[in-house]
Structures are given as C-alpha cells and as structure tokens.
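Worksheet: the structure to be examined is printed underneath.
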Amino acid sequence: MALSSKIKEEENLERAQVSVSKDVAATLVSKALTWASLNGLVIGDRSIEGSVNPGVGIVHAPVALLPSPFPEALFQQALNLGSHFNTLVDRVSSDSDFLEQTLAKTRTADPFTDKLLDIHSKIRAEGIVQNIHLGMHRSDYMRDMVTGKLLQVEINTISSSFAGLGSLVSQLHRYSLLDVIKRVEHLDPGKVPENNAAVAFGDVLGLAWKEFGNTSAAVLVVVQPNERNMYDQFWLEKYLHELHGANVIRRTLSELYSQAHLSSNGTLSVDGHPVAVIYYRSGYAPTDYPSEREWHARLLLERSSAIKCPSISYHLAGTKKVQQELAKPNVLERFVQDKNAAEIIRECFAGLWGLDSEECHEIINKAIQQPELFVLKPQREGGGNNIYGSAVKAKLEELLRDGGAGLSAYILMQRIFPPTYTSYLLRGGEWSAEQAVSELGIFSAYLRNGEREITNKDCGYLLRTKASKVDEGGVATGFAVLDSVYLL
Ligand code: ADP
Ligand code: MG
Ligand code: MG
C-alpha cells in the first residue's frame, strides 16, 4: 500500500475513535458553554468596553468540543522532553558568548533583538546579582504526517501562556465525555490525561518566592496594558496564593517605569512593595515597548536582585535563531554531554536553516523553488509573524533584491504537515465543523539556586487545534482553539 494511503487510513481510524455525529456535537454546545462559564474557562470579550478589567465583559475561551486523538507513545515522548529542554535552556542561557555570537548577525537586521542583547551585555558587564534561576517553558510540537515523528515547532521561554485555561479544557472534555455522551458513543474519559499545568506553574512560582527568602516580598506579574487573556494568569495567581500564601502585584512596563525603584543592594520595590519574583506576561514583542520608557523599565527589573522569569539570558535562549543554531551538527552536543539525552532531544528537531552564512544560497534557492515546504520565521513571539507558502518566495526575493542584509533577521524551517481530522470548534458561542490540525505544547518548570537544582519537571500540556487551511497558529491571535488529547 502506498505510504500516503496508509497514512490516510490510520488517520481515519484515529479520528473514528473520537468522533461523534453532528447531532451529538450539537448537544454538547450549551453544556460546554455553561461549564466554561461556571469554571472560569474564560477570556476578556474585546467587543465589550472595559473588558481589560477583571469581571467586565467575559466570554468563554475558544475551545474544541471534543478532545483530539493523539498517540500515547508520542505524548509520553513529548512529556519526557520537558526536563531535557529545561536543562538545555539553562545551560545555553549560562553561555553568554554563545548567545552573543549566535545572535551577532541577527541583531544587525533586527532592532528588537539588538535591544534585548544590549540589556544582556549591560547585565553581563555589571555582574549578575541573582543566582536563582526560574524557567516556566512551553515546548510545542506537531506530528509529521510523512514520518510519523513528533517534531518541535519551537520552545517558549517567556510568557508561555495557557497553563491556566489549558488545564480546564482537559476537565471540560472529561466532563463532556463522561456526563454527556459516554453512554451514547462509548468514549472513555480516562483517555483524556490529567492536566496539572495551572497548579504546577502556580507552585513553582511559589517555590521561587520561598527560595528568595523574604515572605513580605511580592510576586510581580508584568502585564500588557490591553490584556484579555488575564483569566489564564489569574489561575496561576490563585494556586500561587493558595499553596504558598504569596502576594501578587500586577503592573505594565509603563507603570513600572514610574513606580519601580532599586535600592543600593539591588532590591526591587514597586510602590513600596519589595519584589521577590518577576513573572513576565509581557515584554516579548516590540509592541510591548512603545517608547524608551518600557525599555528603561525592563533594564531596571533585570538589574534587580528579584528572580526573573525569564531573565534576559533565558529570554534570548528561547529565540528562533538559537533554536536553529542548536540544530546544527555538534552544537546541541556542546551543551548536552550525555549522548543518550542529546539523541532524545535531537530526535524531535525539524529541518532548520540560518540565512546569515556563506553557504545559505542553496537552501534559499530551494525555498524559492518550493516555498510550500518551508516556513520563514523572524525573531518574534506571540503568533501572526511567520511567512508561509508563496509569500516565502516573495519575501526571500525581496530580501535578496535589497542586498541580502535583511536575511539575517530570519530563519527557515521545514514545514511540518500534521494529520488532519474533522474537529468541532466553538468560538463566541458559535460552533463549526472544520478540517483541523493540532499542536501539542508541553509545559515545564525549572528552578535552580546556584548549583542546587530544586525543580526540573514537565508540568502538563496544552493542545491547540486550528483549521488546516490556516497557516499560523495561536489562540490569542484568533487562529486556534484550546483543546485536549484523547490518547490512543
Ligand atoms: P510564535 O513564537 O509566534 O508562536 P511559532 O514558531 O510557534 O511562533 O509559529 C506560530 C505558528 O505557526 C505555530 O503555532 C504553528 O501553527 C505554525 N508553524 C510554525 N512553524 C511551523 C512549521 N515548521 N510547520 C508548520 N507550521 C508551523
Ligand atoms: Mg513562541
Ligand atoms: Mg508558538
């Protein structure tokens, strides 16, 4: 049997195990909407004025009505990678020369990376005043239909979102399968794995806060002024408070410019509150820095003795350029001496190519000839920034026409083609059946004080599902919905 028809057959078998008829799906809609409202599976409703404030203008989070099939072996593989990537990020971030060299050409073509590196070198010159390192990451994967392998899309080291709401979707799906349709469709809610991402992330924030050693100091959450995804963040704050009793303050970078102060010993205080931990849910995009004030605030926070999640070096270790550099022969292996661990990590690397070396002409030509096989990525986070399909060809040609200097801002990545299925997507109270693909995110937490590793573990998951005709991903950007896995 040809590979493609065998793959089709396997996909159909997979989907058949989780599918229900449209009629049954329709019965799930009002139950799911009610459950979401009762259980805080919600976001701010942009159409309502004032919805940046908690409790005003709330709408259910976009979700899939049913979990999506996912092979258990690949799910376990992804979970297992969580602690490996924690260690890798920590080691890469400790190698300042590597970060600066890897990003040296990128910064010449990308002013945002340049600004981040400026902060990095200032901190490096002054000396790092905090030796407690906190990572709260999400590594994202897709299944490659051609090889059946799990391939990493990227790792997020700053503002990894949806630990809060993602945990709830798993609960919603177990409820839907158990209470609403189990008897009709023979679906087993036990096949939706427990998801403790919100508790684990709240807990690790609290462990870092404790390690700081001043119980009157707060956890500072750095937020965007127009945030609508704050309920996701509130879930972590709730568990942080319940498990550890830490207080939380929330400020934008602009507010911090006028309210944050450093004492001579490096203690950060905001409006008189000392700060133990800084948790960024902002600061990852150029739009988070509309003026020099916000950059000034970021540098001030970075100079402080507070534990940063992430520090500037963890932030840079999560860039797409670093991801691509690590995929080159023998680079990952410099940071991971254990051969077995390096193999486990490398197994999930997709094809990645830099555009800043002498040898890149061949891959550029290939991408111009077959752009549908590649994704062109700038150094950006948060969705909506990548270039796909014929636009890859157009952009590469434009960059070459302009002399080629702009190429260094980008990397090229092999386009992953995951299996597609019919999914029922629920947004703004309306549902539709779509041919969809999914991306699995594994949360992981890392905490180290000097040489002492306190936490290094995977922390639950997030599945995001989107119509297969859509290139980009991201829930906040409106492309994808939150989902959970049904293990096969
Ligand atoms: P961001 O940091 O903005 O989230 P990503 O690298 O995760 O950037 O890309 C955004 C989205 O684009 C992903 O969620 C995924 O849907 C899609 N995407 C990214 N890389 C690939 C790829 N190599 N193949 C297929 N889709 C991709
Ligand atoms: Mg990202
Ligand atoms: Mg992403």
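The chain as shown is numbered from 1 upward.
In case you wondered, yes, glycine gets a Cβ from its N, Cα and C as well.
Residues or ranges marked as substrate binding site by TrEMBL: Arg138, 158-161, 227-229, Gln233, 281-284, Arg464, 475-476. Annotation for Val475 (substrate binding site): spatial neighbours Ala61, Pro62, Phe162, Arg464, Val481, Leu482, criterion Cβ-Cβ under 8 Å with sequence separation of six or more. Under the DSSP three-state reduction, Val475 (substrate binding site) is assigned to coil, being neither helix nor strand.
Cβ environment of Glu154 (Mg(2+) binding site): Ser139, Asp140, Lys320, Gln323 lie under 8 Å away, each six or more residues apart in the same chain. DSSP classifies Glu154 (Mg(2+) binding site) as strand under the three-state reduction. For Glu154, Asn156, Glu381, the entry in TrEMBL reads Mg(2+) binding site.
Gly384 (ATP binding site) is surrounded by 13 other CB atoms, counting those within 10 A of its CB over all protein chains shown. Feature annotation from TrEMBL assigns ATP binding site to Glu154, Lys320, 377-386, Tyr388, 413-416, Glu439, Lys466, Glu472.
If you look up TrEMBL, you'll see 218-317 marked as domain 'Glutathione synthase substrate-binding'. Here the domain 'Glutathione synthase substrate-binding' (218-317) returns a mean pLDDT of 98 for the predicted model.
The DSSP breakdown of the domain 'Glutathione synthase substrate-binding' (218-317), given as helix, strand and coil counts, is 43 helix, 28 strand, 29 coil.
In this structure, the binding-site residues that sit close to ligand 3, with a C-beta under 6 angstroms from any of its atoms, are Glu154, chosen from Glu154, Ser161, Gln233, Gly384, Tyr388. Between the CA atoms of Gly384 (ATP binding site) and Ser159 (substrate binding site) there is a gap of 16 Å, rounded to the nearest whole number. Across the binding-site residues listed here (Ser159, Gln233), the residue whose Cβ sits among the most other Cβ atoms within 10 Å is Ser159.
Close to ligand 2, meaning a Cβ under 6 Å from one of its atoms, are these of the binding-site residues Asn156, Ser159, Gly384, Tyr388, Val475: Asn156.
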